[in-house]
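Colleague: Sending over a structure as structure tokens; questions will come in a sec.
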Amino acid sequence: MATASGASDLSGSGAPPPGVGAQAAAAAEEEEREVVRVRVKKCESFLPPEFRSFAVDPQITSLDVLQHILIRAFDLSGKKNFGISYLGRDRLGQEVYLSLLSDWDLSTAFATASKPYLQLRVDIRPSEDSPLLEDWDIISPKDVIGSDVLLAEKRSSLTTAALPFTQSILTQVGRTLSKVQQVLSWSYGEDVKPFKPPLSDAEFHTYLNHEGQLSRPEELRLRIYHGGVEPSLRKVVWRYLLNVYPDGLTGRERMDYMKRKSREYEQLKSEWAQRANPEDLEFIRSTVLKDVLRTDRAHPYYAGPEDGPHLRALHDLLTTYAVTHPQVSYCQGMSDLASPILAVMDHEGHAFVCFCGIMKRLAANFHPDGRAMATKFAHLKLLLRHADPDFYQYLQEAGADDLFFCYRWLLLELKREFAFDDALRMLEVTWSSLPPDPPEHEVELVGPPSQVADAGFGGHRGWPVRQRHMLRPAGGGGSTFEDAVDHLATASQGPGGGGRLLRQASLDGLQQLRDNMGSRRDPLVQLPHPAALISSKSLSEPLLNSPDPLLSSFSHPDSPSSSSPPSTQEASPTGDMAVGSPLMQEVGSPKDPGKSLPPVPPMGLPPPQEFGRGNPFMLFLCLAILLEHRDHIMRNGLDYNELAMHFDRLVRKHHLGRVLRRARALFADYLQSEVWDSEEGAEATAAS
């Protein structure tokens, strides 16, 4: 509407507006691409062919959904094996049927062979030819997952007593996934609609009572889990998702609360000099600034000069957090967590309050002992092993089953894996999968003081060695984290060269770590925190897949260590992992990529309240991304370095719709099946 007058002026002069024709053509093509017409021919032995026609939305149709449609369309009922191919052209331009083996193949088919319609062929194979679509059994929406069946099921006491919110998610997810079946009724003239539109302002008010109090917090989260939130409403709703408000506040009380907390933030911001000595404060500020200047600069909110108000607000927010939370301080990656919050809140004080809310849950990710990250790695391995034993075995044989290339995913909860606007939706959906956890009184903006004594750590008075950050020199003895790195150093000097962490594609920070391992470390040199294993050179790159050195004790269970018992299969080199723990059995020493490994037996998964340290859906998002690329990885035989480079190239490029849809289906399958082993969770928690 804003350009209407300009357009009329141009048309009045007799000259068409520049680029209007191209824009109109692009818009028409985009509109046409919203629906792809599909014609399918089923061929089975000597039986006459059968035909079906329907329409799909290419943005929300994955290969899994297409398989489900075809099973229902031809009444295959999962009892027969079949292959899918589409009519395309080979390199010589000849028409030929090309196999559909992955989502990438399907995207290619949509892009190159869908005019005037996509021609598919389904070839029914005899049942003895191959096993029956094992992956489909894992990732497909189940017909029996409908809410009427779920409500009639006999639920375990664990689920009923401890997981009422999870049970609600299960029921609601069942209703949503069953809508996949409605695709069969789509006709050429109908619009393809998403499962749920984003939450609107009008609908949000239905979750509030007449005094403005949130009366249905669980239902609100379930609604957001299905469809996200309208961008204009995020500023309001995210404060609930990040557990900023105490329970029961009215609308007026919420406004007064945020004003008071903002004033508290401004007071804390003015106390930097009182809370940190000049040398440490300058180091914190320079470290934060280095990251801020490389965080989401392509987004309009953070574009512009380096001294712009939004970059300055992000810098001050993170510096204040580091100064007021000495046990956590600042680590690289925190700017990625704060950036979307500030962009949505558009208010420095409000963003700081929300950042404190999310860091209450995520601060452990940045702890120098690495235990939280170790647990998440172990749980992701458990999940992948359970969901796709063949793919897990492939990664074992490739020496990549440590999943260290997923480090960035787990540390930042996948924030960098999607385009900025998609990441906002992914984050709110993930947060909504967690039960409400409002503060009892109010969000604490100041963390506990450091418990580290002055003597023996070489830090300044009242300032712990942790607060000195990253590669900053510091004196004193070793810590749990340093002991773990010592163990890695010992293991990496064993037969066969470097340990599993020391990959050719390692970061410069890991190269420095490798150099330090060549001889006894200088006790005055502080080793980098796992989130800081990135050199200044790589700061302009995506947060690469830096492994947590503590996990070296998982990766080398048979390696000698000065603090570990004599090496046996049952012994735990970390000293705090249970003997015979399945987690220890999962993470072994480096494998010979050329040596075939025995099949991996199935195993249970921790219950939701333990899985992923209480955030199980995030693990299923990671699993969905892995499975999206499974076929490509296995077909091309990617090794560890190639895997890491493959996913680094996909930073901010993953397809959110496909990943969310697959993750929800996998998550619903996990919740319904109750393949839970509390001992697994207990052992993982103890190990972490």
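Cβ atoms here come from the backbone N, Cα and C positions, even for glycine.
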Colleague: To which residue among Ser450, Ser506, Ser536 does Swiss-Prot attach the annotation phosphoserine?
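Modeller: The phosphoserine feature in Swiss-Prot corresponds to Ser506.
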Colleague: If you check Swiss-Prot, which stretch out of 1-27, 217-243, 649-675 is marked region 'Disordered'?
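Modeller: Of the candidate stretches, Swiss-Prot labels 1-27 as region 'Disordered'.
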Colleague: Please work out the mean pLDDT for the residues of the domain 'Rab-GAP TBC' (228-434).
Modeller: 96
